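Residues annotated as [4Fe-4S] cluster 1 binding site in Swiss-Prot, with sequence analysis given as evidence: C11, C14, C17, C58. What Swiss-Prot records for C21, C48, C51, C54 is [4Fe-4S] cluster 2 binding site. Residues or ranges marked as domain '4Fe-4S ferredoxin-type 1' in Swiss-Prot (evidence: sequence analysis): 2-31. If you look up Swiss-Prot, you'll see 39-68 marked as domain '4Fe-4S ferredoxin-type 2', on the strength of sequence analysis.
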Amino acid sequence: MSHSVKIYDTCIGCTQCVRACPTDVLEMIPWDGCKAKQIASAPRTEDCVGCKRCESACPTDFLSVRVYLGAETTRSMGLAY
């Protein structure tokens, strides 16, 4: 099952989400929009198992994981923005 991992603009570049992900979905990429000059990116969303460890690890509630269950209603697993 594939999950969509949404990355928005409150990332502080701490890498907590990357280290917390058990399936190596996330990685840090260069980005000038924050003090750390890097931001979390999710290039391998097909490997996401929806465990939300990245969300739990994030100190700024930056990440949102949404699970798409085929024809069923989309269920948000993310935190409010």
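Cβ coordinates come from backbone N, Cα and C, glycine included.
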C14 ([4Fe-4S] cluster 1 binding site): tally of other CB atoms within 10 A of its CB = 18
Task = Just give me the nearest neighbour of C48 ([4Fe-4S] cluster 2 binding site) among the binding-site residues C11, C17, C58, Cα to Cα.
result = C17
Request  = Report the nearest neighbour of C21 ([4Fe-4S] cluster 2 binding site) in space among the binding-site residues C11, C14, C58, comparing Cα positions.
outcome  = C58
Query = Out of C11, C17, C21, C48, C51, which of the binding-site residues is least crowded by other Cβ atoms within 10 Å?
reply = C51
Task = Among the binding-site residues listed here (C54, C58), identify the one with the smallest other-Cβ count within 10 Å.
result = C58
Request  = Give the distance between the Cα atoms of C11 ([4Fe-4S] cluster 1 binding site) and C54 ([4Fe-4S] cluster 2 binding site), rounded to the nearest whole Å.
outcome  = 12
Query = For the recorded [4Fe-4S] cluster 1 site formed by C11, C14, C17, C58, which further same-chain residues have Cβ atoms within 8 Å of the site's Cβ center?
reply = I12, G13, T15, Q16, V18, A40, C54, A57, P59, T60, F62, L63
Query = Can you tell me how far the Cα of C14 ([4Fe-4S] cluster 1 binding site) sits from the Cα of C54 ([4Fe-4S] cluster 2 binding site), in Å?
reply = 12
Ask   = Where DSSP helix means H, G or I and strand means E or B, what are the helix, strand and coil counts for the domain '4Fe-4S ferredoxin-type 2' (39-68)?
value = 8 helix, 8 strand, 14 coil
